[in-house]
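What TrEMBL says about this protein:
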type	residues	note
BINDING	GLY186, GLU187, SER188, GLY189, ALA190, GLY191, LYS192, THR193	ATP binding site
COMPBIAS	647-661	compositional bias 'Gly residues'
COMPBIAS	662-672	compositional bias 'Low complexity'
COMPBIAS	1069-1087	compositional bias 'Basic and acidic residues'
COMPBIAS	1134-1143	compositional bias 'Gly residues'
COMPBIAS	1192-1212	compositional bias 'Low complexity'
DOMAIN	93-823	domain 'Myosin motor'
DOMAIN	1365-1635	domain 'Dilute'
REGION	647-677	region 'Disordered'
REGION	697-719	region 'Actin-binding'
REGION	1063-1087	region 'Disordered'
REGION	1127-1159	region 'Disordered'
REGION	1173-1234	region 'Disordered'
Amino acid sequence: MSRDSILPELNVYAKGTKAFFVDEELAWVQAVLKTKAVDEAAAKVAMTFERLDPPGAGADAAEPEIYTFEATFDELVKKTKVLPPLCNPPLLEGIDDLTNLSHLNEPAVLHNLQVRYAMHNIYTYSGIVLVALNPFARVPLYSQDTLEAYAGRMRGELEPHLFAISEDAFQGMVRDKKNQTIIVSGESGAGKTMSAKYIMRYFASAHEDSSATKQGAAAGDSRNAISRVEEQILATNPVLESFGNAKTTRNDNSSRFGKFLEIRFNERHAIEAAFIRTYLLERSRLVYQPATERNYHVFYQLLAAVPDAQRARLGLEGCTWESFAYTSQGGNGAIAGVDDAVEFRNTSDALGVIGFSGEQQEQINALLAALLHVGNIDIQGASERVGASIGDDDSAFGHVVALLGVDGTLFRKWLTKKQIVTRSEKIVSNLTRAQALIVRDSVAKFVYAHLFDFIVRTINRSLTGGDIGGSPASFIGVLDIYGFEHFEHNSFEQFCINYANEKLQQNFNRHVFKLEQEEYQREQLANWTFVDFQDNQPCIDLIEGRLGVLALLDEESRLQQGSDRTFAEKLYKQFAAAPPGRVDPQTPAAFFRKPRFGADAFTIRHYAHDVSYEADGFIEKNKDTVPDEVQNVLRASTDSLLAAVLGGDGDGSGDGSGGSGDASQAAAAPAAGGPGGRLSVRVARKPTLGAVFKHSLVSLMETIEATESHYIRCIKPNEAKAAWQWDAPMVLAQLRACGVLETIRISCAGYPSRLPIPDFIHRYRPLLVGGVALSAATSVDEYRQLAQRILQAAFSESDRFQVGLTKVFFRAGMLALIEKQRVERLNAAATSIQRLVRGYQQRSLFLRKRAAALRLQTLARGVLARRMLRRLRDTHAALVIQTAVRGFLARQFFARSRQSTVRLQALARGYLARREFNDLRRTHAAVALQTLARGYMARCRVARDVYLVTRLQSRVRMRIAKRQLREILAERASAAHFKDVTYQLEGKLMTLTRQLDESQARVARLGEQLRVAQAEHQQVLQAQDATIQRATAQLTQRVDELERAKQQADEHSAELAAQVATTQAALEQAHRDAGTERTQHEQAREELNRKLAELEAELQASRAQLADARAQHQQQMLVLQQQRGGAGDAAANGLGGAGGAGGDKQAASSIKRSDAASANRWRAAAGLSATGYDMADSSGASPPQRQPPLTAPAAAAAAAAAAAPAHASAQQTLSHRRPHSVDQPNAGLEGGASAAAAAAAAGSKRATVGGDEGRTLARMLSSLGGFGGGNNNGAGGVAAIPEEADGDDASDAVFDLRNEDEVRDMLAHEDGLVGEVLNELVGDLQVPLPNIDAEYSPPDLLFPAHLIGLCVIKMFQYNLARRIDRLLMSTIARVQKKTAAFESDYTSAFWLSNVFELLSIIKTSMTEHQSSTYEYAESERAMNDGMQYLESLLSDIYFGWIKDLQKRFSKLIIPGVVESEALPGFTASDSGFFNRLMGTGPRESTVKIENVLSFFNHIWRTMEFYYVDQAIMRQIMSELLCNIGVTAFNNIIMRRNFCSWKRGMQIQYNLTRIEEWCKAHSVSDATRNLDRLLQLVKLLQLQKSTEQDIDIMFEVCDLLNPAQIKKLLSIYAVSDYENPIIGPVMNEVTKRAAPSEKVDKILLDTNDLNDQVLYLTARKVPAIETYIPPEFRMPRIRALVDSQTDVLYDDDVDGVDMDGIDLDDSYTAYEDDDGSQQQLVHDASGY
C-alpha cells in the first residue's frame, strides 16, 4: 500500500458512515461519522464518531460516547494504525452466510451473528463452516418434517442447518464416492453433544434402507420404520451420555470424552453398520469434582432408580448421592429439568437395544455400586512409620469385596502395601495414608475406564454384527470432540484437549486454504499469489516433536525418581534457554514461555490463546498405573463381568478405545525366574496415557485427511446458560478459538467477495454510463467483457478485482464500495426523477391556478353582463306588455261584435236545414224496408240450393279420397316389400360371400364386386328411402289439409276442390317418379356388375400406392419424433412418466388386441409429453395410422349422384365416431373378407346403443337367421367374426344360445367366457389414445365395464356364486396387475373410469335386486365381496395414480410456481454463497407457470376423454393443489432467497393464474388448499416496520400460527430501501410466538396418501351398454349379448328401451332402505 492509495480509502469514510470501535463490555460497538478532516499537506487525517444507541434504548439514555481517530498516512501505510472497520449496509444485516458480507471483518462477523441470534436463527454459514449458537432453549428446528425437508436438498438451498451439513456429507459420499467426516467442535456447553445426536438421527431417519423399511412396515411398524442398526446407533447416545457425560459449571451435559462415530453404508447407500472410537475419558472426574459439578450421570441415575430388589444386594438401601464421597464433592446432585430416574430407564432400554441382557445390566449396576463404595473405604494411618490400614469392620470395604468378587485379604493387603521387585528378591513395604488413597482412587479409575471401554466394545460388536475389522463400502464419520479449554488452573487433561484442537485446527486451515486456491485456479485468475496463512505446525512440533513436551513427559514418567518439578525443568532447559528476542518465530521454542511466577508451570502459545499449564500431577496422570498386585487381584475376580471387562485388554486398535483405557493395558506380567532361581526385573514397557492419546490422535487425523471434511463450530453465547442471552466478548473469544475468524482472515488475504457474472451485471449495470441491456450480451465472452466494462467504470485501479471464467472477484471491502456507488447512482437517478416529477407538479399547479383565475374572471364578467341584460330585458318586456294589452283590448271588442253577428246567422240557417233533413229521412226509410225484404227472399232460395249441392259433392269426394288412400297404402306396402326383398338379396349376397371365401380362386374378383355392390346398394336404399319419405310426408300433409278443408267446406268449397285436384296430380307424379327410380336402380346394378373386372385392377393399384404412402409417412414420423426427442433431452426427467397423445393428426387409435407392432406403437405414443415441457425419446416405431375409407370410383359414383353426398357425409361421421384400424389390409381374403368384416361390423351394431337404423338392421339380420346359415329362430345365431388368418384362430366356434338353459350352461361351465373377459377385455386390451381425428362416446371407452357387468349380473340371476367369485377375483387381479406400474396417465384414467363404472353397475343391480330367499345368500355374499374388492381396487388405482402424478408434478412446483417470474418488472435475485460457489447463480427458470397449467390441462383432458367421474376429477385436482400449497409453503418458509416482497409479487401472480384455471374448470372449491400459501405470500408483501404492522400481520394471516410468522420474519430478505426487521418489531413477534412455540409447527404436514380415505358416491346406471368393437373375437360374449338384445328388439313395439339392457325394469331409484345414497368408503387397510 502506498500513500497514494490512502486517499481513495479515506473517501469511503463520508459523513454518516458507520464504523466499529472496541468496547470493553460489548467487544465492539457501532458509531457514526460526524466530522472528518484530511490534511494532505501534513499527511494527516482526523475523524470523529458518535456512538449509536443500541436497539431499544430510551430517549433518556446518557450522552452518546464520542470516538476520535487520528493517524498519519505513514502510520496507515505501515499499518501501525488501522482505519476503523466499516459496518455493512442494512441490506446485509442478518445474512445467512458471513462470507457474503461486504466488509468482512471481526466486528462485522460478531454483529451479524448477534442480529441472527436476536431473530432466533441459531445457524449461520461461514463459507464451508456452520456456526451453531446454543439457544439454551427448545427450538422447533428438529422435527421430522424439518428433517425430511432437508433430505435431498443441496447445501445452501435452504436455511443454514446442521441437517444441511449432514445431507451435503451424504450426497458427497454418494456423488463423489468418497468417505466423509463431520467435525463438531466447541467448548463445553456449546451444544456439541446435541448437534452430534441430531446428526446421527438424521442419517438414521432421512436415508433409510428401502428394503428394511418395507420389512418393518410388513411387521406392523410405522411408516418411519428404521433398521436394527439405525435403531442401535440412536441407542448409543443415552448410553454414552450416561457413562461419559457429567454436569460442569459450563454445561449440564458436558461430554468428558471425545467420540468418533463411523456410520458405515453399503453399496446401496443404506446404513449397514457403525463403529465408535473414544478418546481421553476424564477419569479424574470419578474421584474428584469441583464445586457445583457432578460425577458421571450414571451414578446419580443408579441411586435414583435402581430397583428395590437390588438395593439390598448392592448395599444402597437408604442411600442418596450425599451418602458417597465420589458423588457429593460438588455439593449439588440434581440438574434442573432432568429426572435421573427417567434417564436411568432410558439408559436401561438403550442398553437392551445395544445387546446387554438383563443379567448383564444387573452386573453393571453392581460394578457401579462397588465403585461408589470404593470411595467410602476409610483408610487409616496416623504416621508414615505406622503405615496405612483398613479396619476390619469397614462396611464399605465389605460391599466392595462382595460386589467385585475379589479376595478380601489380598485386596486389603495391596491397597495398603506395595511390592518392590529387585534382581534377587521382592520387598513389601507399607504405604502411607496419602499413597493408599491414591491407590484406592486409581483402582476406581482403572475399573471404570475399563468398564467404559467394555461398553464401547460391546456397542461396536453390536453395531458391526461382530465384524469389527471389516472395511465398509463407504462411511460418514461424526467427530464429537472437546473444544479448546482455558481455565484458571490447567492440567494434563486440558493439555491433551488443546493438543487435539491444535491438530484439528491445522487440518481446518489447510482445508480452507486448499479450497481458496482451487477456486482461483478453477476460475483462471491472473496476477494472484498463493494466500499465506498462519500455520501452527511449530506449536504442534513443540508438543509432539522428538524432544517435545510429550516425549519429555514420557521420559520423566519412566524414571523411578521422576517428578513434576524435574519435568518442568527439562522443558525450561529445552525451550526457554535462549532469550525471547533471539528465538526464530518459526521454531517450537517461539511458542513456549516460562512464566515469571510458578516453579513448575509453563505456557504454550496456542492458535486461540496462550495457556499456562501447571506441571503438578502431569507425571502421575500420564502414568495412570495401578500396581500389578492389585491388577492381579482384580483379574482373579469371580465376577464374570469384571473378568470380561479386564480380560479385553489390548492395544485399543480394534475395540474402539482411543485412550480411555488404562495406560498399562499392554503391560506384560513379570518374567519367569531366571537361571539360578534369581528373578528378572525386565518387564515390558508400559505405554503412557500421553503416548496412547498421541497414537489415537494421529490415527484420527489420518482418517480425517483421507475423507472430505465438514465443519460445525458450536458457540456458547453466555456463561449463565440463559435462553437467548448474548455475551459478545465470550462469543468473540470462541470465534477466535474455533477458527472462524482465521477462515475469514484467509479469505480476506485474497478475494473474499465474489459474484457470478450474470448476477453482477444484473445488479451493477446502472454503473455503466447509458445503462446496458442484458440482451446485448449473447455469449460468455461478451458477458465477461460487459462485466469488465462495468468494473472499469467503477474502479480506477485494476488490482482491486479480477474477472474469472464465471465469477467476478473483489478484494476486501471493494464489494461494499461498488455497492455504495450503485446506491449513489440510484439515489441520483431517484433525485432526477423526483426533480422532474416535482417540476411537473408545480407546473400543473400553476396551470390549474391560472385556469381557476380565468374562470373566476369569466364568472364575474358574466354576472355583470347578465345584470345589464336583465335591465334591457325588463324595459323591452314593459313595451311588449303594453303592446299586447292594447292589442288584446282591440281584438276583444272586434270579437264580441263578430260573435253577435254570427249567432244571428246560425239561428236562421239551422231552422232551414232541419226542415229539409226531416223530409229526406222519411224517403230513405221506405227504400231500406223494400231492400231488406227482397234480399231475405233471395237468400233463402240460394241457401237451399247450396245445401243440396254440398251434400252431393261430399259424397262424391269421400268416395274419391277413400280410393286414393287405398292406393297410397298399397304403394307403401309395395315399398316395404321391396326393402324386405332387398335385405333378402343382401343376405344372399352375404351367403355368396362365405362361399367365395371357401374358393380361393374367386376370392379376389367376387369380394371386390360384393363390396362395391354393397356400397352402391346402400346408396340406392338411402336414395329410395329419402324419396319415399318425402312422398309420404307430402301425402300426409295433403290428407291433413283435406280433413281441415272438409270441416270448413261450407265456407271454402271452391278452394277445396282445387286442392284435391292438385294433390291427386302430385300423387300420380310421385308414382311415376318411383317407378322411374326403381328402373334406374336396376339398370345401375346391372351396370355395376359389368364393371367389376375393371374395378378389381384399379383396387390392386390403389393398394400398392397406399402401401408406398404409408411407408413414406412412417419414415417422416420417425424423423419428426427423433427431432422432438433431441430437443426435449434437457427436460426428459421432468415429466417422463406422463403419457401423451402424440403422433400425427391422421393417427386415430383403435381398441384392438395387443401384438408386438401395436406394443411398439403404444410405447412410442405414450412416451410423448402431454404438457409441452419435456419429451421422452421416441422408441423408433411410428404410431398406428388409419387409412381413409375407400370410396367408389368416379364412374360408379356418377350412377347415384343424387344420393352420393348424403352417403359420404354419413360415412365420414361414422368413421370419426368409431375409427378402427385399417392400416393392415387383409391381402389373403381381399374382397370376400372385406365384405364379411363389414357384415360383422354391421352385426355388432345390433348391440350398440339406440337408433332406428340399428333396430331396422337388427330385424333384417334376425329374419335372415345369421350370415348364410339356416338358423331362422328369434335368437339369431352369430357366426364367427373373420380375422386375419393367424393360424391359431383360423376358425372360431359359432355360439348360438337358443334359450335360457343354454345361457345358464355357458355361464356355469364355459371357462372360455372367463378367458375372453380376462384376455380380450383386460389382458390384451389396448387402451385408446386421445386423438383429434377420433371422437369417442362413453360406450366406446366403457364397454369393458358394461360387458363384465352383464356377465356378473347374469351369473347372479342364475345363482352362480362360485362363478361370480372367480370372474370378479380374476378380473380384479388382472386389472391390478395391468395398472400396478402406472406407466401412463391414459392407462390409469381408462381403468379408473372402467372400475368405477363396473362398481356402479353392480351397486345399481344389487340395490334393487336383493333377494330375501335363502338360496341366493351365497350369490349375494359373492356380489358384496366383489364390491368390496372393487372398492379396494378403485382405491389402489386412485391413490397409486395420485402418487405418480405428485411425484412428477413436484418437480414443477418450485420452478413453476415459486421461481417462475412471469410478472415483468419484479425480478428477484436468488443468489446465495453456495449457489455462487457451485456456479448456479440466478438464472431464469426453464419451467414456467404455463408448464404447471399445461400439466393441469393434460390431466383434466385425459380424465374428460375417458369419462372419469366428476367427483374423482375434482378430488384429483384438489390433491394436486394441496401438493402445491404444502410444497411451496415449506420451501418458502425454509429458504431466505424466496422471502422477499418481489418474490411474493411473482408468486401471487402465479397463484392467481392457477385460481383462474380452477374457476374456468369449475374446481374453485379446491383452491382452499392454497389459503395458507396465499396468506404466506401476503405476509411477504405487508409492511413490517412498526408495531402497528404486527397487528395487521396477525389479523390478515389468521391461518398462520405465530411460530410460522416468526420464522418467516426471521429469514426475510430485505430489498433496496428496506430496513432490516430487528429491534422492537422482532421482539414483539417473539413475545407473541412464545406461549405456543412448543406446540406450533413451522412446516405444513405433507399430504400422506397412505392415511387417507376415498369417499365416492356410486352413480346410478340405468342401462347396460352392449356395444362390442368389431375387431374383438369374443364369440361367447357376443352370443350372450345377442341372447339378451334380440328379445328387446323383438319386443320394441311394446315400448321396451332399445338403448341397452335396462336395469330399471323393476326399480326406479338407487337408494338404501333408509332412502340415502350409498357411498364407497375405503381406508388404507387394503383388501
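Every residue number used here counts from 1 along the chain in the order it is shown.
Including glycine, each Cβ sits where the backbone N, Cα and C put it.
Remember, TrEMBL labels are computer predictions, not curated facts.
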Non-local residues, at least 6 beyond the ends, that sit with Cβ under 8 Å of the region 'Actin-binding' (697-719): 113, 117, 126, 128-134, 136, 162, 165, 168-169, 172, 176, 178-192, 195, 250-251, 260, 277, 279, 477, 479, 483, 499-500, 503-504, 507-508, 511, 658, 725-727, 730-731, 734-735, 738-740
Near-site residues: ATP, ref GLY186, GLU187, SER188, GLY189, ALA190, GLY191, LYS192, THR193, CB cutoff 8 A to centroid: ASN134, ARG250, ASN251, SER254, SER255, GLY483, CYS714, LYS716
Local confidence of the prediction over the region 'Actin-binding' (697-719), expressed as mean pLDDT: 88
Sparsest Cβ surroundings (other CB atoms within 10 Å) among the binding-site residues SER188, THR193: SER188
Same-chain residues at least 6 apart in sequence whose Cβ lies under 8 Å from GLY191 (ATP binding site): ALA132, ASN134, CYS714, LYS716
Per-residue Cβ crowding (10 Å cut-off), top of binding-site residues GLY186, GLY189: GLY186
Which listed residue (GLU187, ALA190, LYS192) has most other Cβ within 10 Å, given these are binding-site residues: LYS192
Residues in the region 'Actin-binding' (697-719) grouped by DSSP into helix, strand and remaining coil: 9 helix, 8 strand, 6 coil
For the region 'Disordered' (1063-1087), residues assigned helix / strand / coil by DSSP: 25 helix, 0 strand, 0 coil
